[in-house]
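Peer 1: Mind having a look at this structure? Questions to follow.
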Amino acid sequence: MKTSWLTILPVWLLGTIVTASTPLQYCSVDAEEKTDLCFAVASFKNSTTQANDLSLHISTKFVVDATGWASVAIGPKMDNALMFIMYPGGEQGRITVSTRTTRYHAIPKVVSEDAPETHVTKTWIDDTGLYNAQIMCYNCESWSGTTLDVMSPSQPWIWATNWDQPTHSDDVHLKLRPHNAKGFTMLNMASSYSESGDIIAQVSTQRITQEPNTDDAGPAPPTMQDESDDHHPAKEHHKHSAFGLVSLHGFLLSFGFFALTFGVLGIRSGSSKSYKIHWTIQTGGGSAIVVGCLMGIYLSYKHGGHFGTFHQWIGLSMIPSVIIQGLLGYLHHVNYLKYGRRTAVSYYHIWLGRAALIIGNLNVGFGLNLAGAESFKWFTWYAGLAIQLSVLIPMWYFYARGKTILDAVRNKPVAKDVVRYESVEQDAFIVDDELDEFEDEGLGHDDLKNGKD
Ligand code: HEM
Ligand code: HEM
Ligand code: HEM
Ligand SMILES: *[C@@H]1O[C@H](CO)[C@@H](O)[C@H](O)[C@H]1NC(C)=O
């Protein structure tokens with residue numbers, strides 16, 4: 001009995017010493033992904049401030065030509081995460097560390113003053129080409145974008161790397177290009193928390209995921225979930241496919257506003273069907289817009305229920321605008337049949353319609369920005385804008401001169417003798433087939449002209 005205790009005790013003691021020096025760290029080392037990233041975290045109570053400080057060590061190899069960036073961030077996803085990003089500095093041997101955040105998937109920007117105070121304690125590049133940065137985040141739990149709990153057994157963290165952006169810059173605001181690899185992990189923060197003293201997180205020489213007080217060289221303990229997406233695609237935290245909800249939202253809305261331009265062209269086309277073309281296209285486009293916006297609201301709830309971006313505010317204002325616009329269009333028409341001329345409602349419809357058309361199309365850009373969209377989508381949007389402008393500008397140009405597009409195309413002189421255009425200021429607004437409807441209802445053009453105000 002006694003002897004067995006005596007043999008176990010030293011082994012146990014040795015074990016504690018060895019495991020106590022095991023850091024809480026996560027690694028993603030993958031040649032195919034051109035990623036070699038480890039980060040270690042430790043936290044402790046700051047004896048002066050009584051707040052919990054976080055120490056972070058990021059150690060990464062910029063595998064291809066020593067360029068690109070690497071980042072780890074507090075949170076389950078990009079949206080509102082507190083991101084620590086590092087890249088090679090402007091001169092050989094230097095490292096730039098930048099603390100940023102973002103909304104949804106937009107390009108991360110340097111955090112504002114109200115973020116927790118961070119301090120880069122040490123940066124170095126070792127002879128194996130590993131870039132290292134040790135960072136302190138004071139009172140780090142005060143970050144309100146996402147939740148950090150240094151006592152949590154399952155704190156979400158994310159990471160991302162890029163290997164092809166030519167970084168080499170001392171500018172902390174350097175505009176980042178998207179990642180080539182990214183992932184999600186849960187860390188047992190409690191395992192590295194200390195009540196007393198300042199500990200400094202230190203990535204171990206073994207570049208594997210590990211946790212203190214476990215078999216140090218063993219595989220990741222079950223409390224840690226590695227969701228590096230290429231390895232466990234099924235567990236991917238949240239994936240955007242080409243036909244995902246975000247893309248569908250964007251497509252419906254971009255297409256909806258694009259269509260409105262052709263509805264506007266319809267009403268000014270000079271075609272005898274202009275009225276019908278207009279209301280059909282606008283009602284269809286308008287419905288797509290309302291449905292798309294509702295999807296946007298749903299998306300925002302799914303992302304945690306934040307409604308704080310410019311894109312969302314503009315988008316939200318589009319729902320009532322488009323509905324009111326439809327009603328105004330109809331009211332205009334009813335009044336028109338009654339009085340045979342434009343009323344105030346007509347001008348509201350025209351100007352609210354033009355404003356919605358322009359603002360909605362611009363909001364596509366804000367949406368693409370928020371979604372961190374790839375360049376294909378940007379170019380599609382630019383092309384769409386170019387097409388719309390090349391329709392609208394000549395259309396408005398001729399319209400202002402009392403001509404319709406069809407007149408212009410057929411090179412007809414302005415028809416002075418036609419009732420339609422009595423004066424450019426007023427009656428040029430009258431649309432052919434609205435007049436036709438008067439005739440259908442037994443009213444001739446002359447009745448109209450003599451109609452009361
Ligand atoms: C220019 C900078 C960035 C852009 C344009 C960008 C863009 C995107 C986009 C479009 C997605 C969703 C599509 C997909 O699943 O591939 C995404 C996902 C993700 N990104 Fe980024 N990203 C940037 C920077 C970062 C940084 C600095 C991190 C730091 C950790 C990061 C971490 C992630 C993670 C973990 C995901 C999956 C979870 C989520 O959807 O939020 N990204 N990123
Ligand atoms: C969301 C739906 C709609 C949008 C965005 C919209 C937009 C517009 C715009 C921008 C104009 C002015 C064209 C210009 O710039 O020269 C216009 C004119 C007109 N719209 Fe709509 N429209 C919509 C729905 C409707 C509906 C439902 C009707 C009829 C029931 C209608 C009837 C008209 C008429 C008659 C005009 C000509 C007004 C005039 O020249 O006095 N619109 N619309
Ligand atoms: C004028 C109306 C709107 C337009 C034209 C519009 C357009 C877009 C576009 C083009 C995207 C990018 C999609 C992609 O990359 O494929 C987007 C993303 C987004 N939109 Fe909208 N949108 C509108 C209204 C709204 C509304 C009303 C909301 C919610 C209140 C909303 C919330 C979002 C969010 C949260 C994203 C980013 C999703 C992510 O990256 O995770 N949008 N929008
Ligand atoms: C406690 O926090 C302050 C700033 O918030 C910092 O200057 C100080 O170094 C911290 N103390 C320790 C032991 O890290």
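In case you wondered, yes, glycine gets a Cβ from its N, Cα and C as well.
Not measured: the values here are computed from a predicted model.
Below are the features I grabbed from TrEMBL:
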- 69-162: domain 'DOMON' (DOMAIN)
- 248-368: domain 'Cytochrome b561' (DOMAIN)
- 209-236: region 'Disordered' (REGION)
- 1-20: signal peptide (SIGNAL)
- 242-267: transmembrane segment (TRANSMEM)
- 279-301: transmembrane segment (TRANSMEM)
- 313-331: transmembrane segment (TRANSMEM)
- 351-373: transmembrane segment (TRANSMEM)
- 379-400: transmembrane segment (TRANSMEM)
Peer 1: So what's the average pLDDT for the domain 'DOMON' (69-162)?
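Peer 2: The average pLDDT of the model in the domain 'DOMON' (69-162) works out to 96.
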Peer 1: Who are the chain neighbours of the transmembrane segment (379-400) in space, where the CB to CB distance is under 8 Å and they lie at least 6 residues beyond its ends?
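Peer 2: Apart from its flanks, the transmembrane segment (379-400) reaches 254, 258, 261-262, 264-265, 268, 361, 364-365, 368, 407-408, 424, 428.
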Peer 1: By DSSP, how many residues in the domain 'Cytochrome b561' (248-368) are helix, how many strand, and how many coil?
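Peer 2: The composition, in the requested order, is 104 helix, 0 strand, 17 coil.
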Peer 1: Please list the DSSP helix, strand and coil residue counts for the domain 'DOMON' (69-162).
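Peer 2: Counts, helix then strand then coil: 3 helix, 46 strand, 45 coil.
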